[in-house]
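Feature annotations, reproduced from Swiss-Prot:
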- Cys246: active site, nucleophile (ACT_SITE)
- His330: active site (ACT_SITE)
- Glu332: active site (ACT_SITE)
- Ser45, Gly219, Gly221, Leu247, Gln250, Asn288, Gly290, Phe291: L-glutamine binding site (BINDING)
- 171-354: domain 'Glutamine amidotransferase type-1' (DOMAIN)
- 1-167: region 'CPSase' (REGION)
Amino acid sequence: MEAVLILEDGTILKGKGFGAEKEVFGELVFTTVMTGYVEVLTDPSYKGQIVMMTYPLEGNYGVKKDWFESDGIKAEGFVVREVTSKALDDFLKEYDIPGIQDIDTRFLTRKIRDKGVVKSCLKVAEEISDDEISELLERVKRYSDISDIDLVPLVSTKEPKIHKTANPKARCVLIDCGVKLNIIRSLVQRNCEVIQVPYNTKYDEILEYKPDFVLISNGPGDPARLKEVIKNIKNLIGVVPITGICLGNQLLSLAFGGETYKMKFGHRGGNQPVKDLKTQKVYITSQNHGFAVRKESLPDDVEVSFINLNDMTVEGIRHKDLPIFSVQFHPEARPGPHDTMFLFDEMIKLKDRK
């Protein structure tokens, strides 16, 4: 099958298609993880994005449902240098997702690094004419920026779900903005009961569950669009312990009156170094975000707890008095290092400060 990747600046790359025969639009981003393509594709934070892997060979070890981070593929499309197994091709076909291979991903990665993420179109078909490519380029240019699309409603649970454990020592209400399953697993493994609720659940409904703490999950898109969620978080501050991961860190910062901004190409990979400003320890972390918190916008009673050692951006915040903290990186990994798994223990300990 033929395949073409069309960028809004007019760049056109032709390659070989795999997966579903269709066309999709989205923001083209890259991730530097060397393994974990199943976890990447099923991560809800990639909704609205076409994901490119910088590692050249994908599919080497097949596909297993145990590796899923949601109920299926959430990325809009997949860009790789070379696919090495039919399992990955079948996986994309099962979830109606197109992929392109046999293109210069190093060129594309450098382009995004230098110019920033771009709107793009990926099409896979038996034949693709020049006229079709010209028409798709015009559609790419008109396509909405990711900041103008409501993505969280597409990946959040529709109904509350209870994840029980045999001997619960804490209860967490998880505001699901597109949660990765390993976040839930990591809490349940620590004997924490998790009540997963839709992203727009009202604060008074959350409190009816009598949580020991509230966790705001990761998810896709621009945090500033989630005004209803931010309002609910504001009403929870000072009432119940709160923590957050990735998008949750941004939403908590906005609830405190801070600001967020879109990064040039974001942090997506499994080797991002962060520094704990309290202990001065450095951890290698898994990350997947295209927005960040503006440090100087945070109020005096909120301090930065972690920074990224590559670009000095905010990687976590902590309230100076209240039992509230959040991190921009992913302590649950999947894929990536487990260096900061201890933060789930810190989350559960928040109940002792109620």
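Every residue gets a Cβ built from N, Cα and C, even glycine.
Not measured: the values here are computed from a predicted model.
In sequence order, Pro44, Ser45, Leu151, Val152, Val155, Ser156, Asp176, Cys177, Gly178, Val179, Tyr199, Cys246, Leu247, Gly248 make up the list of same-chain residues 6 or more apart from Gly219 (L-glutamine binding site) whose Cβ falls under 8 Å from its Cβ. Taking the centroid of the Cβ atoms of Ser45, Gly219, Gly221, Leu247, Gln250, Asn288, Gly290, Phe291 as the L-glutamine site, the other same-chain residues with Cβ within 8 Å of it are Asn218, Pro220, Asp222, Pro223, Cys246, His289. In sequence order, Lys180, Asn218, Ile245, Cys246, Thr285, Ser286, Gln287, Asn288, Gly336 make up the list of same-chain residues 6 or more apart from His330 (active site) whose Cβ falls under 8 Å from its Cβ. Across the residues the record lists as binding L-glutamine (Ser45, Gly219, Gly221, Leu247, Gln250, Asn288, Gly290, Phe291), the two Cα atoms farthest apart are 13 Å from each other. For the recorded site, Gly221 (L-glutamine binding site), the DSSP three-state label reads coil. Recorded residues Gly290 (L-glutamine binding site) and Glu332 (active site) have their alpha carbons 19 Å apart, per Cα-Cα distance. Across the structure, Gln250 (L-glutamine binding site) and Glu332 (active site) are spaced 18 Å apart at their Cα atoms. Taking the Cβ of Glu332 (active site) as reference, residues of its chain lying under 8 Å away and at least six apart in sequence are, in sequence order, Lys180, Asn182, Ile183, Arg185, Ser186, Ile245, Ser286, Met341, Phe344. Secondary structure at Asn288 (L-glutamine binding site), taken from DSSP and collapsed to helix, strand or coil, is strand. Cβ environment of Gly221 (L-glutamine binding site): Lys47, Gly48, Ile146, Ser147, Ile149, Asp150, Leu151, Val152, Leu247 lie under 8 Å away, each six or more residues apart in the same chain.
Same-chain residues at least 6 positions away in sequence with a Cβ under 8 Å from that of Phe291 (L-glutamine binding site) are, in sequence order, Asp222, Pro223, Leu247, Gln250, Thr260, Tyr261, Lys262, Met263, Gly266.
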